[in-house]
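Right, one structure below, let's go through it.
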Amino acid sequence: MQFENKIICDGLLNKSLEVKMQKLIIYGPAKLMGEIEVEGAKNAALPILTASILAQNKVIITNIPDIADVRHTIEILKYLGCKVLFENNTVVLDSSSIERFTIPPEYAKLMRSSVLFMGALLSKFRRAELSNHPGGCEIGQRPIDLHISAFRQLGIEVFEHNNRIMCRCDKVKGSEIFLPIPSVGATENIILASIFCDGEVVIKNAAKEPEIADLCHFLNKLGAKIRGAGTHIIKIEGVRKLKSEEVVHKVIPDRIVAGTYLCAVAACGGEVVLKNVFPRHLDSILHILKSSGCKIKELKNEIWIKREERLKGGLRITTHYYPGFPTDLQAPVCSAFAVASGVTIIKETIFENRFKHVPELVKMGADIHVEKDIAVINGVEKLRGCKVFARDLRGGAALFVAGLSAQGVTEVMDADYIDRGYERIEEKYSLLGAKILREKGE
Ligand code: EPZ
């Protein structure tokens, strides 16, 4: 593959700001039947692409989902000076010409994971600047205090001024860092900043999400020395430099995309086989759906699910850090149990403002009451299609799932939120028998 800058990303930012948000038109109710491949994980691809600026040679990363957040990350990499080619879910990247260590505000605002460039740029240049607090879905306050306090414990000077964050250090010092919250982003940023540390950095109460293990797997291929990924104690032994060989890495499957398919079958009924998926990453949702009447079989990289009888509600579901029930599936699960029998209770413990999909589901006839961090769902027989608005990525996916089970036509407005994390969602679900159109928004 030659670097021909095939992807002219330069206009992407302006383009994404200018274009009217799109809408998805869903003709319900659908019965989902067939087989579908699950795409690569957004929340592994983004930190791995960020980490690839540290590579001493070309990297080839496969199974990268073709989603908006990936394209935004590629735009940042190009802005920093990397050569990037993205084709057929494969990124080929050469960071030898990287020259900048500042992320401009318009890029920082685009998505939360832009904050991870801090750790990577600090390892690369001993300097990093984020010209604005990171953006991303407005599902809560989402402070970065844990990132900043950890950087300071690593001997990095951090200056904050007018929303700008500037960091610099001569050397990252070996340290023991205890995270009061097993934050995914803070864990990843500490790892990225500690690759060349003096001695060893130990993270205690680290996040255990599979996406972090995938990032560490990639970094170790580059020549880093990281142990304990996937556990609460991660140790990063500093190295003088990384390997000079080319590195190839395949990103893990997206467990949240897979979980959304499972919720859709639970909501609509049908029989589906998910391929290219790791069932062990989905224990919590598989347990919930089995206890609610879905028939499920797990094979090595496949999951078979069948839902005939009406979904049985009555559970109490609480979001938690991995391997607990993921907050990113809370919204799609709301849509599944909105049409289940009985009363289901969902408690959101990770983000303080992640029930914005509920008023939209109520517009469709759902009977859901939210009190602080708890949603009480009285299952109804049917939902009815109408115009609803996505307010964030997973909330948008929940409205999409509700539209699939609803009677009549559902218009999901501002579907661009969904495109941030789901690859060509209407095409994929059409392969399972659903009828969906994509149109420019009003
Ligand atoms: C990652 O976000 C994911 N994003 C999120 O997925 C996911 O919901 C979240 O982890 C939890 O699993 C990516 O990986 C790109 P956190 P992140 O730091 O890193 C608080 C999706 O839909 N906190 O683990 O931002 C924070 O406010 C997205 O794909 C602090 O207080 O999440 C939250 O309450 C949405 N201070 C909790 O910790 C900090 O410095 C967990 O946040 C950092 C976090």
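Glycine too: its Cβ is placed from the backbone N, Cα and C atoms.
Going by what TrEMBL states, the UDP-N-acetyl-alpha-D-glucosamine site holds R112, R142, P143, I144, D145, L146, D328, and the candidate of I345, I346, I350 recorded there is I350. Looking at the residues that bind UDP-N-acetyl-alpha-D-glucosamine per the record, R112, R142, P143, I144, D145, L146, D328, I350, the two CA atoms farthest apart are separated by 22 Å. In three-state terms derived from DSSP, K42 (phosphoenolpyruvate binding site) belongs to a helical segment.
Across the structure, N43 (phosphoenolpyruvate binding site) and R112 (UDP-N-acetyl-alpha-D-glucosamine binding site) place their CA atoms 11 angstrom apart. C137 (active site, proton donor) has a Cβ environment of 22 other Cβ atoms inside 10 Å. In the three-state DSSP reading, D145 (UDP-N-acetyl-alpha-D-glucosamine binding site) counts as helix. Across the residues of the domain 'Enolpyruvate transferase' (27-428), the predicted structure has a mean pLDDT of 97.
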